[in-house]
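Accompanying notes for the structure given below.
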Amino acid sequence: MFSPIGKVAQPYFCSFLLSTILGFVIAPRTIAALKNIQKGRNPVRSCFPAAHLAKKSGIPSMGGVIILLPCILSTAIFGDLHDRDIWVILTTMVAFAILGGVDDYLKFTRQNPQGISLEAKLFAQLLIASAALIFLSYTSDSFTSTHIFSKGLIDLGWAYMPFAYIVVVGSSNSVNLTDGLDGLATLPIITSTAILGIIGHLSLQFGAEPPGVVGANIPIFCSALVGSALSFLWFNAHPAQVFMGDLGSLSLGASLGLMSVMLKCEFIYAISGCIFVAEAISSMAQVAYCKLTKGRKIFLVAPIHHHFEKAGLKEATIVTRAWVIAMVSFVVSLAAIIYIYR
């Protein structure tokens, strides 16, 4: 059914290997530097469970640099920097990383878990997403189309642009919400990235949609991201030595959402990232229900992983079960890919 990968896989493997090695090399010194800079000043919201407050305060954030730097360097070495697609992804990722980094910095300098206001953060996210999406709308022949579990593209017309905003900005914030327990967000990031990389490779191999995506840059980027995320997971797994922070979660979520838009696989991405979707829905449902009922709640705490934590489940149990769900969703996503590309 699928043609042999052949020599095209060589840059994928090299990108993955270099990024993994670089991640392991820079992680210890990066963690030490972040500890020295932040000096244990990593505020945690008081509404979270008491055990969470006790264990997480003092662990340095902004560890997303351990993922981003090796990924960017490896992509620059093995990718084609003359291709506009990779620049859209890298520029968007860096812009969201700067936004998240400023948010993280304000949190530990002000000793306030709020950081940038929600309104200002959302405005900045929409601004960055606008630049990327408007650029893509002028450079892609099929920008307003997508796969809705069909073998062909379906043109959504004017409705696609707001849909794309929801995908990119929603993905960014969903990953950010998920990054609340040791390793919880990292493995779903890895599995979702792998799915997008596979779709990117198949688009290259078969000359399939979307016609605006050319070359192996997206799978090379995804290979690098999987490698650096795996090395980060080594230090982020329970008991975590570092958190990716908003710097990592906002930028990685935006990158995944943007790639799904470029590859026209937003719905497959939603399946592979179902953990992110569940976390976002739980938070939105909690806020909406609380406003409608004047204070009543659906969950003990939102997002939902903190609900389970406050209900008495151990952190390791919550994370392991989330990882199981992520792996199952990975397999289901593969099945969807096979259906579309067979």
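Numbers run from 1 along the shown chain.
Cβ from N, Cα, C; glycine included.
Per Swiss-Prot, the feature transmembrane segment maps to 8-28, 58-78, 86-106, 116-136, 152-172, 184-204, 213-233, 242-262, 267-287, 318-338.
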Six or more residues beyond either end and a Cβ under 8 Å away: which residues meet both conditions relative to the transmembrane segment (242-262)?
27, 30-31, 34, 42, 56, 59-68, 85, 88-89, 92-94, 96-97, 99-101, 103-104, 115, 125, 128-129, 132-133, 136, 140, 164, 167-176, 178-179, 185-186, 189, 192-193, 196, 200, 210, 212-213, 218, 221-222, 225, 229, 232, 235-236, 268-269, 273, 276
With Cβ distances under 8 Å as the criterion, find the stretch in 58-78, 152-172, 213-233, 267-287, 318-338 that has the most pairs with the transmembrane segment (184-204).
213-233
Can you name the far-off residues of the same chain, 6+ from the ends of the transmembrane segment (152-172), with a Cβ under 8 Å from a Cβ of it?
92, 96, 122, 125-126, 129-130, 132-133, 137, 142-146, 209-210, 249-251, 253-254, 256-258, 260-261, 264, 266, 269, 273, 276, 280
Would the transmembrane segment (213-233) count as touching the transmembrane segment (267-287), i.e. at least 3 C-beta pairs under 8 angstroms with sequence separation of 6+?
no
Before we move on, state whether the transmembrane segment (58-78) and the transmembrane segment (213-233) share at least 3 Cβ pairs under 8 Å, counting only pairs 6 or more apart in sequence.
yes
